[in-house]
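Encoded as structure tokens, the structure appears first; notes follow it.
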């Protein structure tokens, strides 16, 4: 037990008990508990190489508070007991702190874990009952963004109309008008999806000042149903990347560990949902850009069948592969968002006229489940996805997920997709070729920032050279090469032939099974910068997802466990693949799996009275040493609001 006397500084109006006993305990890990707080704060300085807190009252002050004495030594920890595992909790104080995301526990007893609840449904109930107002919810989300965004960097732009839109919903409730199914739901939108009057840059310098005069069809439908667009989320430039490091503006951090990537290219959308900055979000999926970030960030990511959702207003990367997808903290949230944006659109010739089922009927309460709620459902575990190159922890989590499906009544068998390994090279040839064509419109004349030049060719060269980032340039060059005379048959045509074979393999597997399952990615989230200089290693991370895009099938990724890594473990996602336009069955299986899995995702907050130790380097707002890169000479502070 360590007890500290803390005295109020004359320039502070914040009231704090004169004596605050502190309890050191090993329960949660430091980086996952980092609160981003406003002054006033008080400061405690310690040296890891010493055995006690060092009083710095005469030298160190922060926000009007200073430690003036220490009454007991802090235990000297050996190197095996990482300092990032120490949390200091204030006992009996009225303090509170809100971390980016709390530590998640591994599989635990079902009695201690409540099934995850739909935020969309709970918000609607709260609004209709008068328990809260849309304006109050809006203020809480904006506050959350303000506190966490300096470290996470999920958003490129926050809408100026959030409070206004929320007040309009409150006014409709007061008038007794019927609310749309998304009323009061706060939604993030990936920055390559057009939003009227808001910046839509695709995270590229070439579109830095572009504000579309229209909404994408998906966004328009969301607004018509009462949804509120919070802002535009960060992404890899034009969707080309798997880490969100290829954004021209900022690098988004993973809420589970700020030193790791959130995945890509829809990393901002996934991280925003994981960090509770919005309820749900839209992303785009060309080769896994919704599903891989969902796995890395421990949320649900849903890719619909190609043609289920209009692509009108989605900035094209690879037109035959692109789809708009959904993120949510639960399967129900992702499914209801998909239902809202689905349907035929005359502005998109590839959109389907298939009827859109009422997905909400699949989201039953866990209390209504039978003992074997998935009895008779045939599940194919794709053999090739568990072979060499997959981390042991990911393989184990996937196999345990298959066992859980068996316990729910499913008939699980291994299936083979002989063309599985051909999907990755075929995908990158096709996607790069289509991007070479699609991005030719950004020339500084038709679209994109214009760089002044005396000659037209020089204008094109300078506008594109300065506007596009390195990853985009590389893929344009790859695609141009594959489409060039003499190489078209060898590369592009052959890749399309492989695509046909992949479709046939999936059809054969789904003729024998209701759904297919696989890991969402070969590994959990890796360190920022780890694969930046090795694009082939980054591309290999898409191997689990690209085949689904080539086949045009629906798929969902949802958390299925945790593996070692980071401060509190790292989430692993299970990918469930369905037949074309059979999202209904996909969502039913996924919902039951999610509601019965004994894994706690963490509460995203701390109890009142919690104080957290932070490295000094991280108080300045930069990335600093946050996330566990501590040495035995690192200094720490104790902060609270």
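Note that the numbers count up from 1, one per residue, in the order the chain is shown.
Cβ atoms here come from the backbone N, Cα and C positions, even for glycine.
Automated prediction, rather than curation, is the source of TrEMBL annotations.
Here the structure is a predicted model, which means the values were calculated and not measured.
Per TrEMBL, the features are as follows:
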ACT_SITE  190  active site, charge relay system
ACT_SITE  265  active site, charge relay system
ACT_SITE  289  active site, acyl-ester intermediate
DOMAIN    136-587  domain 'Amidase'
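Where TrEMBL records a feature, it is marked here on the structure.
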residue : record                               : DSSP class
190     : active site, charge relay system     : strand
265     : active site, charge relay system     : coil
289     : active site, acyl-ester intermediate : coil
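Other C-beta atoms found within 10 angstroms of the C-beta of residue 190 (active site, charge relay system) number 32, with every protein chain shown included. In this structure the C-alpha atoms belonging to residue 289 (active site, acyl-ester intermediate) and residue 190 (active site, charge relay system) are separated by 11 Å. Listed in sequence order, 235, 236, 239, 240, 241, 242, 244, 246, 283, 284, 286, 289, 293 are the same-chain residues six or more apart from residue 265 (active site, charge relay system) with CB atoms under 8 A from its CB.
Across the residues of the domain 'Amidase' (136-587), the predicted structure has a mean pLDDT of 96.
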